[in-house]
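Asks: Pasting in a structure now, in structure tokens, and then I'll have a few things to ask.
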Amino acid sequence: IIYPGTLWCGNGNIANGTNELGLWKETDACCRTHDMCPDIIEAHGSKHGLTNPADYTRLNCECDEEFRHCLHNSGDAVSAAFVGRTYFTILGTQCFRLDYPIVKCKVKSTILRECKEYEFDTNAPQKYQWFDVLSY
């Protein structure tokens, strides 16, 4: 399913090439960049010692953070907000990154209960781990 007016926002893309964008160009450009994240773990795939249990691809946290920033700065306010809420809030996904081992979640959001702040063991070596993606 691709969001109307875009070619890149949704499951896969329907573009004829990497330079083609839909009607909502700024939102679509954000989705295209997100789709091209170089560090991903496919659905049910493994990488960096992690296995993705989800039915969709998960990305390095840096790519998700860039995606959020891009959507917030998009001139296509309505389509960007819809895509942002769908991906970050409704999907409730996780991203991964290299960091000190998580000891526990220090602060959870009130409604969706995603972890907003983690406590880390800074004496242990860093490793790849899953992190909650915050709501849009």
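Each Cβ is built from the backbone N, Cα and C atoms, and glycine gets one as well.
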Asks: Say which of CYS9, CYS95, CYS105 is recorded by Swiss-Prot as the disulfide partner for CYS61.
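Replies: Checking Swiss-Prot, the candidate bonded to CYS61 through a disulfide is CYS95.
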Asks: What is the disulfide partner of CYS70 among CYS30, CYS31, CYS105, as given in Swiss-Prot?
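Replies: Recorded disulfide partner of CYS70 in Swiss-Prot: CYS30.
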Asks: At the level of the C-alpha atoms, what whole-angstrom distance separates CYS61 (disulfide bond) and CYS37 (disulfide bond)?
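Replies: Between the alpha carbons of CYS61 (disulfide bond) and CYS37 (disulfide bond) there are 10 Å.
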Asks: Within 10 Å of the Cβ of CYS9 (disulfide bond), how many other Cβ atoms can be counted across all chains shown?
Replies: 27
Asks: With a radius of 8 angstroms around the mean position of the C-beta atoms of TRP8, GLY10, GLY12, ASP35, what other residues of the same chain does the Ca(2+) site pick up?
Replies: ILE2, THR6, LEU7, CYS9, ASN11, ASN13, ILE14, CYS31, ARG32
Asks: Please name which of the recorded positions listed here, ASN16, CYS63, CYS70, CYS115, is nearest in space to ASP35 (Ca(2+) binding site), Cα against Cα.
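Replies: So, of the listed recorded positions, the one sitting closest to ASP35 (Ca(2+) binding site) is CYS63.
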